[in-house]
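*Asks:* Below is a structure I'd like to ask you about.
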Amino acid sequence: MSLLGTINPNLNPARAVGAQGDAEGAAPVSGGEPMPIFEGNDSARTSDTALDKLGKDESKYDEQIAEAEVTRLAQQLTRQSTRFSVSQNAENPFLETKEDSTLNPLGPNFKAKNWMKNLLALTSRDPERHPRREAGVSFRNLSVHGYGSPTDYQKDVFNMVLQVGALFRAVTGTGKQKIQILRDFDGLVKSGEMLVVLGRPGSGCSTFLKTLAGEMNGIYMDDKSDLNYQGIPAKQMRRQFRGEAIYNAETDVHFPQLSVGDTLKFAALTRCPRNRFPGVSREQYATHMRDVVMAMLGLTHTINTRVGNDFVRGVSGGERKRVSIAEATLSGSPLQCWDNSTRGLDSANALEFCKTLNLMTKYAGATVAVAIYQASQSAYDVFDKVTVLYEGRQIYFGRTDEAKEFFTTMGFECPERQTTADFLTSLTSPSERIVKKGYEGKVPRTPDEFAAAWKNSEAYAKLIREIEEYNREFPLGGESVQKFVESRRAMQAKNQRVGSPYTVSIYEQVRLCMIRGFQRLKGDSSLTMSQLIGNFIMALIIGSVFYNLQHDTSSFYSRGALLFFAVLLNAFSSALEILTLYAQRPIVEKQARYAMYHPFAEAIASMLCDMPYKITNAIIFNITLYFMTNLRREPGPFFVFLLFTFVTTMTMSMLFRTIAASSRTLSQALVPAAILILGLVIYTGFTIPTRNMLGWSRWMNYLDPIAYGFESLMVNEFHNTKWKCSSAELIPNYEGASLANKICSTVGAVAGSEYVYGDDYLEQSFQYYESHKWRNLGIMFAFMVFFLATYLTATEYISEAKSKGEVLLFRRGHYSRGAADVETHNEVSATEKTNESSDGAGAAIQRQEAIFHWQDVCYDIKIKGEPRRILDHVDGWVKPGTCTALMGVSGAGKTTLLDVLATRVTMGVVTGEMLVDGRLRDQSFQRKTGYVQQQDLHLHTTTVREALRFSAILRQPAHVSRQEKLDYVEEVIKLLGMEAYADAVVGVPGEGLNVEQRKRLTIGVELAAKPQLLLFLDEPTSGLDSQTSWSILDLIDTLTKHGQAILCTIHQPSAMLFQRFDRLLFLAKGGKTVYFGEIGERSSTLASYFERNGAPKLPVEANPAEWMLEVIGAAPGSHSDIDWPAVWRESPEREAVRNHLAELKSTLSQKSVDSSHSDESSFKEFAAPFSVQLYECLVRVFSQYWRTPVYIYSKAVLCILTSLYIGFSFFHAENSRQGLQNQMFSIFMLMTIFGNLVQQIMPNFVTQRALYEARERPSKAYSWKAFMTANILVELPWNALMSVIIFVCWYYPIGLYRNAEPTDSVHERGALMWLLILSFLLFTSTFAHMMIAGIELAETGGNLANLLFSLCLIFCGVLATPETLPGFWIFMYRVSPFTYLVSGMLATGVGRTTAVCEKVEFLHLTPPANTTCYDYMSDYIGSFGGYLENDNATDSCSFCQISSTDTFLSAVSSYYEDRWRNFGIMWAFIVFNIAAAVFIYWLARVPKGSRSKN
């Protein structure tokens, strides 16, 4: 569907102009109605699409006349004189600015046909400048395969260990199983033709379209396959002409922050040709093309609206689909493949989409292939050709008007009112195809037999002749290839290489991506501003913690800690870029497939677009920090500080981007990122100075970019400076003692001097030298360039992981025989089973006796302060053994009525009577009814049988024994025909149950609850293909036969589906009733009502559901002057309904209540007692964890690697001053796994909560207290296991156990250390639950938790001791849980043992004359501790400031005797977290209506 083709190479003027003729009519569509896209009502500009503008009120299309007209005009156009006369009358639409021109897409009189006619005439003036570019396609013996396994086992914590061999086989490629997806396809789609691809989900439609478009990611063509793109070989098409054949996937991925106008203008600019019309700039061209496409697709009114997505508000889903269509249109591809692009659209909009495609092919000569799962007859008739797929076999390819006859001649029967598309697809389902009498043994049955019948037919032979003729006309590598290359070259920028698939130059690609990048930033400026403000606040907090540091030696440690913090915060400010890159990756890959730009061009642009933010952030953060803390206040050092912090930011940004681009999934990126960050922090040079790094690990420091930045910042602060020793640090501090006999206690001090030189301090403490400062800058630049190169390379060549094809997963040991055949050859037996078992199961299905009826139901809510009525006096009833359809236009209130009747609304005012057997509903009503939601919400780790059992145990009455409930579940499984996959895992779409199996399970979960009153179903067939919809209706039929009362909403069913309902409740806009009553045989009762009241007669072939919408004026393009809700209110039918309701109320209320089980529990809100609720929830959540080995193993791997990394980095730390500091930092660094553990816990909780709140809470399965308690308790055993892992991997390598040996308390202190680690992990998990309890998104909860975690770390007493904290912040030191945790672990780990100085830590001072060192220092040692290395020396004393580790502990306000108290305080924090989590959930998430009840 190439609109760009109209001016570029893609034209066939003869076909295009001829197809429209001279009349101002609709573009003709074979067999269909005039397209609603031409010449519309000017007053309805925003709602009419341009398809409305090309011709209303036109006569029906006569195909023969049109073909004659095409021939006549084609002959005219071959004559040059005629061509020039057409051309000379043409105007240039790009330069047309008149408001009322029919060529102005923004004007009220725009006509797409006139615009196209002018454009075609213009391009025909100069065919060399605008050469034709067409790409029809022929294929012979097309076979495609992939690798994988048809069935797999679900992984859990135990059997994951058994996967090591499988992993090895996967890596070596020896374990691959070849799976044939497509077998021997043949076909021909010429330029200007449309092909519809029909088949059930899983039949190979998507693979076929991807193959045609050259998207061979994970799939492979067999060697014998021949593809001919009008002379171009498949490899050349994929490589050199990638954007000329495109695949439009079912999903709509766009940048949500961009407006629709900006999104489409970008697409137009990236494919803007070099050879434009004279005087038309690139900007004019792109803007005009965008406006034309938006006008044609009815998007003009959304030009400034954000595209949005599931989380960002923007245009509607239908409009977003049209944005995808417009983007593909603007790509200008002559061959387009559309995969189920009508999903989610009603039949009217689907038809409009098909007609749009038809218009494009007829005018622009594009080649289009479309897969549609539900096609109305009108939509089907738009296409030229059809191919039918059956489990990877092609069973037909040919003209759409010949397909039905091909199969009816073979012996199959098409039921009355079944559309041709449904008939063709039904042939691939053994349970649905109907064989004519006398043909039972003659017709094909299996896919292979169907394929053989097709191959042996005359239609196939004719197709092969056409393909051979086409291939002779366009031989591979023939003249047409050169013409195509020349036409591409006419489009490409001058400096773009000939073999490139891209249109604009690399410079232009980067420029356009940059413009778009700034538009995205503008569209989401709040995020950027919040990040800047957040970093500024963090700078203020840290600046206040280290506020106005003294310029003396007492600030040495604080300055080091401050610079360490500063360089880390700058370095890791880009860590979130990993998430950002993953969010945009599908969009970039899609647009690269459209050949809009190189992925690396977007990568360069995104870096450049981030620069203003990074520079602004660096200035704001670093200036605030620098001047608040009194760092070196000289111009030179200040700018050097800014330079190095910014270069660190940029270098680490490149590193994080490389990680993101090099991995195929987010989880692959996050685990190495977590370990990498830990390593970068430890080996920066502050936590372990370089002189203390172990020889085998020193290389990590060399590979740490942050280490070079930290060294330069330290040198920048201390080089060439002189620091006065504070009076408290002069040793000994005797009054009257001479300075010559004193020394400053700081490393680098010289005896007899009250000053310490910064260079001496750096050299002796860290082995840092001034000569390294600028060398380090060069090294950092080298790192930056290296990571930049790897990032750009990875971006260009590594694509995102693609999902596997549909496979069933089973629990190990529960594999069902024949399960692999569930979707293949066992269909017949599965159908027979359903029919056989239904009678047996009927005895178990509870036959409902109660009648649910309602009268005058109204529902009012306030929207923006204005009252609005959603439902308006709705009456009706549902009786046992009947199925009532609830229909209406979009927005009529169908789902709202279901929610109101099912007591599921939590806001607004509901009035009217809703009665069960004439009595008001009690609080057990919700659990006594089943409600099948439109979305199939299930826990992905559970099996089908477990999901049903969970529902039965918790929702069936308490007096029913557990065994009876389990037996009933087996009956439900038989009834639903789910035996073959009863032990299959639900999984996620694509890896687990398919769409139909999910829908059956959704219904089964409600049936398992044994609903005593009725079953509500909301859109059970929405988004399903026709065959799956039919099987769901089969199921509903079975249920009604067994006495179930069913009320079911349905959206525009086919005629055959509609006939299967007993009654209809039909709503108009505003929730007003249009009809309630019997449907009747062949819809006669319904049709009679409407016809009597002024509706046109129902045509024999019409779909009553669509006819009904047209009658009331609710279908697109229809209008009604009759007020149908008013007609209903005055009708005798409504009077009869009211009388019957009054009769039901009076007679049923006299019925005696069944007292056999009407004890108190029958009327309780929940069927099961709290203990049963909690037990079942615990079992399910624990099994979810057990069956999510990725979660458990990633948690374990994180704990093991982090603990070992820290343990061996600080291996056997000595009890020297630096060694004790290292041991303190080993505890401090262990705290950093907090953030990663929180990020792992929150998504699991959100998954459980989403299921509970959407399905299980409204159905009263269990209470919110059981839900919260189970989710908190399930973490306990895993945290206990992780605490053992951390204890072993961390405690012993560091050697903390050795400090307990002198006091003979190894066991007691080891046990306490393990308990403290356990309390840390429990605090982490309960804190995560507290943070996420009231918050919707795991990302938001994670960010908030990390912010609070950072504050806890800053104020825990390690980086800034309580003595150095400003008075204002002391409260934070006291409320930080890590204060007590670190203090308890430090005291337990190093207390009550001797300390020994390293050689460099001894202070060398001179005693007074004739005095021994011992005599001189004994008083000081008695007061402050320490020891002398040489007691009797008289010339130079070597003094160590600490002799006991308790001296070190007291310096950081940690005391050995407080260790058990600190453990108790940690438990107080844990209890607080649990209480707060429960309270926050109750406050934020429990609906007001149920707060008093739950």
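Even glycines carry a Cβ here, placed using N, Cα and C.
The shown structure was predicted, so the numbers you read here are calculated from the model rather than taken from an experiment.
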*Asks:* Have a look at 595-615, 1351-1371 and point to the one annotated transmembrane segment in Swiss-Prot.
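*Replies:* That would be 1351-1371, per the transmembrane segment entry in Swiss-Prot.
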*Asks:* Going by C-alpha distance, which of the glycosylation sites Asn340, Asn622, Asn1410 is nearest to Gly893 (ATP binding site)?
*Replies:* Asn340
*Asks:* Relative to the Cα of Lys894 (ATP binding site), which of the glycosylation sites Asn340, Asn622, Asn1410, Asn1432 has the closest Cα?
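*Replies:* Smallest Cα separation from Lys894 (ATP binding site) among Asn340, Asn622, Asn1410, Asn1432: Asn340.
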*Asks:* Grab the same-chain neighbours of the transmembrane segment (527-547) for me: Cβ-Cβ under 8 Å, and only residues 6 or more beyond its ends, written as numbers and ranges.
*Replies:* 521, 558, 561-562, 565-566, 569, 573, 613, 616-617, 620-622, 624-625, 628-630, 1347, 1350-1351, 1354-1355, 1359-1360, 1364-1366, 1368-1369
*Asks:* Setting Gly888, Val889, Ser890, Gly891, Ala892, Gly893, Lys894, Thr895 aside, what same-chain residues sit with their Cβ within 8 Å of the center of the Cβ atoms that define the ATP site, listed in sequence order?
*Replies:* Thr896, Leu1067, Lys1069, Gly1071
*Asks:* For Thr895 (ATP binding site) and Asn141 (N-linked glycosylation site), determine the Cα separation and express it in whole Å.
*Replies:* 48
*Asks:* Under a Cβ pair cut-off of under 8 Å, which of the recorded stretches 561-581, 778-798, 1276-1296, 1351-1371, 1463-1483 contacts the transmembrane segment (1312-1332) most often?
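*Replies:* Between the candidates 561-581, 778-798, 1276-1296, 1351-1371, 1463-1483, the best contact partner of the transmembrane segment (1312-1332) is 1463-1483.
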*Asks:* Of the glycosylation sites Asn141, Asn622, Asn1410, which one sits closest to Val889 (ATP binding site) when you measure Cα to Cα?
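*Replies:* Minimum Cα distance from Val889 (ATP binding site) across Asn141, Asn622, Asn1410 lands on Asn141.
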*Asks:* The transmembrane segment (669-689) vs the transmembrane segment (1463-1483): three or more C-beta pairs under 8 Å (separation of 6 or more)?
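*Replies:* These two stretches do not touch.
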*Asks:* Would you kindly give the Cα-Cα distance separating Ala892 (ATP binding site) and Asn141 (N-linked glycosylation site), rounded to the nearest Å?
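*Replies:* Here the two Cα atoms lie 50 Å apart.
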*Asks:* Looking at the binding-site residues listed here (Gly888, Gly891, Ala892), whose Cα lies nearest to that of Asn622 (N-linked glycosylation site)?
*Replies:* Gly891
*Asks:* For Gly888 (ATP binding site), which of the three DSSP-derived states applies: helix, strand, or coil?
*Replies:* strand
*Asks:* Might you confirm whether the transmembrane segment (636-656) is in contact with the transmembrane segment (1351-1371), defined here as three or more C-beta pairs under 8 A between residues 6 or more apart in sequence?
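*Replies:* Output no: the transmembrane segment (1351-1371) is apart from the transmembrane segment (636-656).
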*Asks:* Where Asn1432 (N-linked glycosylation site) and Asn1410 (N-linked glycosylation site) are concerned, what is their Cα separation in Å, rounded?
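*Replies:* Distance (Cα to Cα, whole Å): 11 Å.
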*Asks:* Let me make sure I understand the structure: which of the binding-site residues listed (Val889, Ala892) has the fewest other Cβ atoms within 10 A of its Cβ?
*Replies:* Val889
